[in-house]
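A.B. asks: Copied straight from TrEMBL:
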ACT_SITE  79  active site, proton donor/acceptor
ACT_SITE  194  active site, proton donor/acceptor
BINDING   15, 16, 47, 48, 80, 81, 195, 196  substrate binding site
Ligand code: DGL
């Protein structure tokens with residue numbers, strides 16, 4: 001299917017896997033008149049462990065094809081690992097396209113924390129990015145920010161959302177570093193800096209040694225996208241349009257079922 005069948009251009013939402021669905025679900029609420037195309041670069045998943053130059057090249061090459069094929073109104077890069085690395089390259093390579101990015105919500109966390117102890121839970125890629133260090137330097141020098149790079153959580157989230165059993169021990173091993181006690185103060189905000197993680201927020205809440213605010217940026221990203229996508233009077237969502245594309249070409253049955261649950265053909 002191409003965008004040509006639509007009066008309005010669609011919104012393209014991109015992630016390495018299924019994490020971007022946490023952003024898509026908010027974006028659809030705010031832009032009900034737009035068709036949506038969800039792209040999962042599952043052939044490259046997980047992005048968290050890639051070397052930076054190779055991943056940057058992969059993403060820019062992929063977008064050269066995607067933009068030609070689907071001609072979207074805007075692209076939402078619903079992936080911290082991708083955007084903190086290749087956001088500037090995408091904007092430079094395709095200056096006519098609007099890219100809405102996803103970056104660790106360090107600024108809002110620094111504004112909201114009462115204890116001054118904030119943790120950022122992300123992939124190893126996002127944790128080591130200069131972009132992430134710059135966000136801390138620009139907005140959170142008054143806080144103690146702990147960066148927690150999780151090797152396995154994106155993969156665990158994929159398994160969990162497809163219906164597999166994920167053990168509490170495995171999840172706890174990935175999140176326990178987020179909880180810091182210092183001078184009688186405790187971490188009060190954990191930034192979910194990977195779009196896969198909000199799917200597991202209920203488990204995180206149950207396992208947390210004390211209650212914290214788990215900051216999910218999905219709604220803010222959707223609001224930003226809405227502000228950049230023109231509202232067209234009387235436009236209605238194109239019938240039966242929304243679909244998902246997997247770069248592997250072969251999503252398994254649980255993944256296709258998941259996509260259907262999100263109203264996407266796959
Ligand atoms: N969902 C992606 C993010 O927001 C990363 C998952 C991966 O490791 O590919 O960072």
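Count begins at 1; order follows the chain as displayed.
Glycine is no exception: its Cβ is also placed from the backbone N, Cα and C atoms.
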A.B. asks: Between residue 80 (substrate binding site) and residue 194 (active site, proton donor/acceptor), how far is it from one CA atom to the other, in Å?
C.D. replies: 6
A.B. asks: What is the number of other Cβ atoms found within 10 Å of the Cβ of residue 47 (substrate binding site)?
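C.D. replies: Total other Cβ atoms inside 10 Å, all chains included: 26.
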A.B. asks: So around the substrate site, 15, 16, 47, 48, 80, 81, 195, 196 aside, which residues have their CB within 8 A of the centroid of those CB atoms?
C.D. replies: 17, 19, 20, 46, 79, 82, 123, 125, 126, 154, 194
A.B. asks: Can you tell me how far the Cα of residue 48 (substrate binding site) sits from the Cα of residue 194 (active site, proton donor/acceptor), in Å?
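C.D. replies: On Cα coordinates alone, these residues lie 10 Å apart.
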A.B. asks: What three-state class does DSSP give residue 15 (substrate binding site)?
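C.D. replies: Where residue 15 (substrate binding site) sits, the three-state DSSP reduction gives strand.
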A.B. asks: Taking the Cβ of residue 15 (substrate binding site) as the centre, count every other Cβ atom within 10 Å, in any protein chain shown.
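C.D. replies: Cβ-Cβ neighbours of residue 15 (substrate binding site) within 10 Å number 30.
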A.B. asks: Can you tell me how many other Cβ atoms are located within 10 Å of the Cβ belonging to residue 48 (substrate binding site)?
C.D. replies: 26
A.B. asks: Between the Cα atoms of residue 194 (active site, proton donor/acceptor) and residue 15 (substrate binding site), find the distance and write it as a whole number of Å.
C.D. replies: 10
A.B. asks: Between the Cα atoms of residue 79 (active site, proton donor/acceptor) and residue 196 (substrate binding site), what distance do you get, rounded to the nearest Å?
C.D. replies: 9
A.B. asks: Neighbour count, 10 Å Cβ-Cβ cut-off, for residue 79 (active site, proton donor/acceptor): what number do you get?
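C.D. replies: By my count, 32.
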